[in-house]
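Undergrad: Before anything else, here's the structure in question.
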Amino acid sequence: MMQESATETISNSSMNQNGMSTLSSQLDAGSRDGRSSGDTSSEVSTVELLHLQQQQALQAARQLLLQQQTSGLKSPKSSDKQRPLQVPVSVAMMTPQVITPQQMQQILQQQVLSPQQLQALLQQQQAVMLQQQQLQEFYKKQQEQLHLQLLQQQQQQQQQQQQQQQQQQQQQQQQQQQQQQQQQQQQQQQQHPGKQAKEQQQQQQQQQQLAAQQLVFQQQLLQMQQLQQQQHLLSLQRQGLISIPPGQAALPVQSLPQAGLSPAEIQQLWKEVTGVHSMEDNGIKHGGLDLTTNNSSSTTSSNTSKASPPITHHSIVNGQSSVLSARRDSSSHEETGASHTLYGHGVCKWPGCESICEDFGQFLKHLNNEHALDDRSTAQCRVQMQVVQQLEIQLSKERERLQAMMTHLHMRPSEPKPSPKPLNLVSSVTMSKNMLETSPQSLPQTPTTPTAPVTPITQGPSVITPASVPNVGAIRRRHSDKYNIPMSSEIAPNYEFYKNADVRPPFTYATLIRQAIMESSDRQLTLNEIYSWFTRTFAYFRRNAATWKNAVRHNLSLHKCFVRVENVKGAVWTVDEVEYQKRRSQKITGSPTLVKNIPTSLGYGAALNASLQAALAESSLPLLSNPGLINNASSGLLQAVHEDLNGSLDHIDSNGNSSPGCSPQPHIHSIHVKEEPVIAEDEDCPMSLVTTANHSPELEDDREIEEEPLSEDLE
């Protein structure tokens, strides 16, 4: 019996083993089929999956029972070698399908699976379900993305097609418009074949009308210029300065060409007018002056001017004047002399231009291109003419003022003379070689450029009248406050002038500092407040370099009349009026003289003559600084001034020995002269020139203190 039971158990175990292997293989095959079916078709419903799982479980159970029944037929010999095996793990992995509770009970009763294996089976089943859900979601997302991409591609294709259609339509429309325009042009040409020719004719007529208007305007300008020239020559003839023969008359008004001149010829005529003036004015050298406006003081220009004969003007022959020949002569004179009134120091002197030109040829090109005969140039000429007229009015006022001064000083006034008309639109006056050769007593003079015309002076009694122009420039000048003339009387009427014009005020730094302190409310100012008063009151100190501040500090520290006081605000400066008035009285009671460091061989007449020359040269009046122009009246004026200051005329000859003929001229260059500018009396003339002097030997150091900082004004 024991043997039989043993054989049954062995057979059962072997059968179980064989049955389980077959079951596991079937379950694996079923799981593969299920997975493949799940992978291929994700659309199978859960109900169908459960149904398949139940069928597979039933088949597995049936096969297991059949194997157990047939296992008893096998021999038990194999049980010696084989041990009873438990259910393989593959049974748990057979399928992730849902198992019913009945099937679970049957499996537990038959002891096919242990509880642990069942738990693992359930976990795997849940994991597979999650994977299936994720796969389904992933497939859905991919389908949606593909669908969106397809829609986008379709939309892009549609847009491209629409754009292409629009472009094609636009091209067709443009082609149609071009065709229509061509057809219209052809029709117009067929209908109006001469319309274009008419338009061209109208344009030509308009151009001709403009040219005719310009010609008329230019002729008017030439007429005005010639009238001024005739008036000037008549005034000179009345004064007896020149004698005009009948054959050498000015250009008559009728000599203007009425028509038939091109703009180039008109421009040449315009240039010729200035050349005619410069050539005619060479004849005025008999009166002792050279009023040529050509800035040519070089040797080459003097040779050419000396070689060129005077130009004579004849009447018109066949409607054309002899101005063309004069133009050729003057143009050749300008080219050989390589100089021009409107050209100096490499800069174009045309008003408002100041273009840099490297050489004279480039200047001529610039002049012909930029300053051709047009509306702008003619307007600038009109402005320059107005400037000259204003300067002439100013000159007449200054002449009247000087005559009144001479009458007050018991001197013989000069005869009033009409102011000459300007010979050129550019008021630059120089000394030429022709003038130097005709007057042997004259000295060589460097060319300068004042801003006002100068009246001619004859050999008889005349008046030296330098024109006072606001923009003369910064010149070293001293105020005549030594003669008890208050500074406020000078600044008050000319306050706006000094505030806006770039003119150096004719006062010492000490006088200006005192005025600034006296104008303050508490009669004391700090250094910065003094600086502010300088820049606020005078435009000169605003627009120039601030080197004058060193001079202000220098005067504050060295003059005894300025006292430095310490207070809560800091250091302030006040004025000691007693010391200031004492300083003024010392200068007034000193021994004044006009000349310092004059050689003993020179007399007082030569000294006064030289001092006048130096003062005039410093005042930018080169024509008047010629000793040949200083006559007996001018020497008498100097004698009277010297008498008022010093009280004696013992060293001066009453017959006017201070004339140029009596004074040794080679020693003039070694003379050092102090020059004192005058106080302005009205706003029209803010500054005028009176040569006064004050030099005290005992106050030499004090004078140098005042004069040293003023040298910075010339920078």
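In case you wondered, yes, glycine gets a Cβ from its N, Cα and C as well.
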Undergrad: If you look at how Swiss-Prot annotates this chain, which of 216-241, 346-371, 476-501 comes out as zinc finger?
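TA: Among 216-241, 346-371, 476-501, the range Swiss-Prot annotates as zinc finger is 346-371.
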Undergrad: Out of 69-88, 129-148, 569-588, 649-668, let me know the one Swiss-Prot marks region 'Disordered'.
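TA: The range carrying the region 'Disordered' annotation in Swiss-Prot is 649-668.
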Undergrad: Looking at 422-426, 507-511, 512-516, 602-606, which one does Swiss-Prot call region 'CTBP1-binding'?
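TA: That would be 422-426, per the region 'CTBP1-binding' entry in Swiss-Prot.
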Undergrad: Please compute the mean pLDDT of the model over the DNA-binding region (504-594).
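TA: Averaged over the DNA-binding region (504-594), the predicted model reaches a pLDDT of 81.
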